[in-house]
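**Q** Pulled from TrEMBL, these are the listed features:
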- 1-13: compositional bias 'Low complexity' (COMPBIAS)
- 1-28: region 'Disordered' (REGION)
- 24-168: domain 'TNase-like' (DOMAIN)
- 195-333: domain 'TNase-like' (DOMAIN)
- 346-503: domain 'TNase-like' (DOMAIN)
- 533-674: domain 'TNase-like' (DOMAIN)
- 750-808: domain 'Tudor' (DOMAIN)
Amino acid sequence: MSGPAASAPATATNKDGDSASSAPKRRGIVKQVLSGDTVVIRALKGAPPPEKQITFSYVLAPKLARRPGAGGDETKDEPWAWDSREFLRKKLIGEEVLFSFEKPANSNREYGIVWVGKDAETGENVVETMVREGYVTVRREGRPSSELQRLIELEDQAKSANRGKWSHVPPVEKVRHIKWTQENPAHVVEYYGGKPVKAIIEHVRDGSTVRAFLLPDFQYVTLMIAGIRCPGVKLDADGKPDLSVKIPFADEARFYVESRLLQREVEIRLESVNNSNFIGTILFPKGNIAESLLREGLAKCVDWSMAVMKGGAEKLRAAERTAKEKRLRLWHDYQSKAPTVNAKEKDFTGTVAEVFNGDAISVRLSNGQVKKVFFSSIRPPRDTRSVVGADGEVGLPPRGKNYRPLYEIPFMFEAREFLRKKLINKKVQCNLDYISPARDNFPEKYCYTVLIGGQNVAEAMVAKGLANCVRHRQDDDQRSSVYDQLLAAESQAIKGQKGMFGKKDNVPLRINDLTVDHSRIKVQYLPSWQRALRTEAIVEFVASGSRLRLYIPKDSCLVTFLLAGISCPRSSRPALSSPHVPAQEGEPYGEEALAFTRDRVLQRDVSVHIDTTDKAGSSVIGWLWTDNNVNLSVALVEEGLAEVHFSAEKTEYYRQLKNAEDRAKAAKKNIWANYVEQVVEEKPVVVEEEKDEKAPVERKVNYEDVIVTEITADLTFFAQAVENGAKLEAMMAKLHADFQANPPIVGAYTPKRGDICAAQFSADNQWYRAKVERVQGNNATVLYIDYGNKETVPTSRLASLPTGFTSDRPYATEYALALIQLPSDDEDKEEALRIFAEDVLNRNVKLNVELKPATGPALATVHDPATNVDIGKQLVADGYVLAEKRRERKLKDLVEQYRAAQQAALAAHLVIWKYGDITRDDAPEFSR
């Protein structure tokens, strides 16, 4: 760019011959460049300061295009008009200049000269610079003067040097193609995809609305700054600005933006549209204009546009809070409505104990105190369904007597489940936002932002379409501290049609409430529950230490569940109005038992095995295991909050219960606090079969087709029912597909003895159902319950068994070969096992259960399906094993047959009998 003229001009006259350079010199700041020969200069002081439009003397710049509706029809750029304007803009905008001007008698314009520098003598004459660079044309028809002559000389030099408009560039290349209107604003937003686009601010309508050219395509847009709103001008009846009405701080806000952004090069991030206007953020190297306006109290945050922002909303809120605290401008009469609470009430950390229908939780603090916490600024799903009543009015569907909103309001159960799985028994951080006052018979609510692992729980719910945002009044401070993130999450959920924002009809969860309709328990559900190894359930309510209400997802039903094998103290019960039931006092330690059970299972995933129902058939009785595989009946007894019931004596858990009770008595826990041990005379144990005079005396034969899958070192074996083969294959295929689609996270599962889990078999790296028998360090011994084989694997090859694969009983059942005893010699034992395996392993055989002892596997005989030969008796006859001595009456004939086969093998000196009678080593003369 050329420097100032070599010699300062002596005099200058405008086109009417009036002197311009001799006029008084003034200082100002260039606010706007209207074209290559016209600028707007504002005073150095004032908010807003006075301003003056100056047209350069002696010269004429190419005319810029004019948009339609702005006082006439649309026109196009004259060649080099934009280049001329841009050269002048880059040189002068925002700069302090020296200027002089005169107004001709017959003109409404003011003509003058502008200098950049300290004074006219040493400063740069901008008019001369524009002529020298070839961006303006000199008016040669004016009255001759030294200044005019100087400009003519400079123009001749520019022509000779082919500068600017005098160059050989085709004029058509120096004309912009402007798009004054955008037919599809949403498409423009989508086209730029949230990326910053270069722009020049051309006009400031008010503090929060500007017009700009998007470069390089010259798209002319009206932009509303996202997240804020400044005071604007009032419109008259015709929709035009009414300048007679002054809106407080409107002019100040507009000037604040003009002085910083007008005709500056910026970047704009388009984020949304509002009618034909765009909503976006202006990115400026000197700072965020929206934040600055808010900090100065010249703007207020606007929720609806803040929701479309890609980021930075929290900074806008912080800037607005600063202005509020200082009571600046728009906030001069601001009064804070923030709750006044102590620090312990405001922010705390605790463990989630319960979830309430999607909008609140109870949190237990370290001191045992429980607080009810409501989520700030969100609302759980509501019943939006409508029906037409008999009177023709539209309203909500009728509610039955046993209305349960958790299940009957669409998406309420999904919202509760999301919170339950995410929060129950987890530590959360609660930060108080506001206190909602009591109204409509509802108490006041303490509303918090709840964080788990740094994630906002309310925001996660809204993002999944399981809650929506409360629409607060614009001036209402009683809102979430991260309200803008909630609105943004809701916007994304609506766009993605998530949850309650989807287009499908909202259908409530259909459940079978067996707590009300008891008639179907025994007939429809109990048989399948009894057959299942374990059934997955959710504890919905705890009435006492041993009485719970379960939701069973597999059958979509609610049922009352009683813990088996124990007698637990009753807790107190409140009075009921309909039907009228008086309040009942609890038994000693009833409340402690209730709290113990609530703390461990309320709203947790549990597994149960259901044995039977109570006498009335209204409740089921069974065993419950917590999420860490603890038998709750045993745990209550161990804690001294229940005693063993006589009905447990015939169950497999009796020994655990009895030992737990003995330990509780010894420690004098709770109900045993005053226990004194009594000496009881022991009675001889009577064998069950001898005691039961009605025990069958005849052997029953009921052959079952099975395939033997595994043989153990103790001559027990595992067998699968042939009729279950197809069902097992289908389950295995589904299990393998499940693990292939959702591989487990290594280390996420911690095995415990007795767990039913999934194990990756070392032979084929596939996943199978297994039971943990032993854990030692980083290894675990597991039994594959559907096949019977065992192996020791690293715990990294174990995982939680997916829901849906725990209900089926093991497909492999363990049996012991009836009336057979292995020889004591190790080599003979190995030979007997080898021969038995050759006869039955992985083969179809016929099996008959001969006896079911109180402990251990059932005793069975195995027969070859082709010859009907008793394979066990054949082993005895071939001299590989011994016949066992048993005294059961129903096996008398079979025992005699086996003994006869053994005598024949002994007489023939076969295998183990080759050196004589090996049983004689047990004779008294060989004992010491």
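Positions of Cβ are set from backbone N, Cα and C atoms, glycine also.
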**Q** Mean pLDDT for the domain 'Tudor' (750-808), as a whole number?
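**A** Computed over the domain 'Tudor' (750-808), the mean pLDDT is 91 on the 0 to 100 scale.
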**Q** With DSSP as the yardstick, break the domain 'TNase-like' (533-674) down into helix, strand and coil residue counts.
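**A** In the domain 'TNase-like' (533-674), the DSSP-based counts are 41 helix, 45 strand, 56 coil.
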**Q** Count the residues of the domain 'TNase-like' (195-333) that DSSP assigns to helix (H, G, I), to strand (E, B) and to coil, and report the three numbers in that order.
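**A** Reading the DSSP string over the domain 'TNase-like' (195-333) gives 40 helix, 46 strand, 53 coil.
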**Q** Quick check on the domain 'Tudor' (750-808): DSSP residue counts for helix, strand, coil, in that order please.
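**A** Across the domain 'Tudor' (750-808), DSSP assigns the residues as follows: 3 helix, 27 strand, 29 coil.
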**Q** What are the helix, strand and coil residue counts for the domain 'TNase-like' (24-168) according to DSSP?
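**A** Counts, helix then strand then coil: 37 helix, 42 strand, 66 coil.
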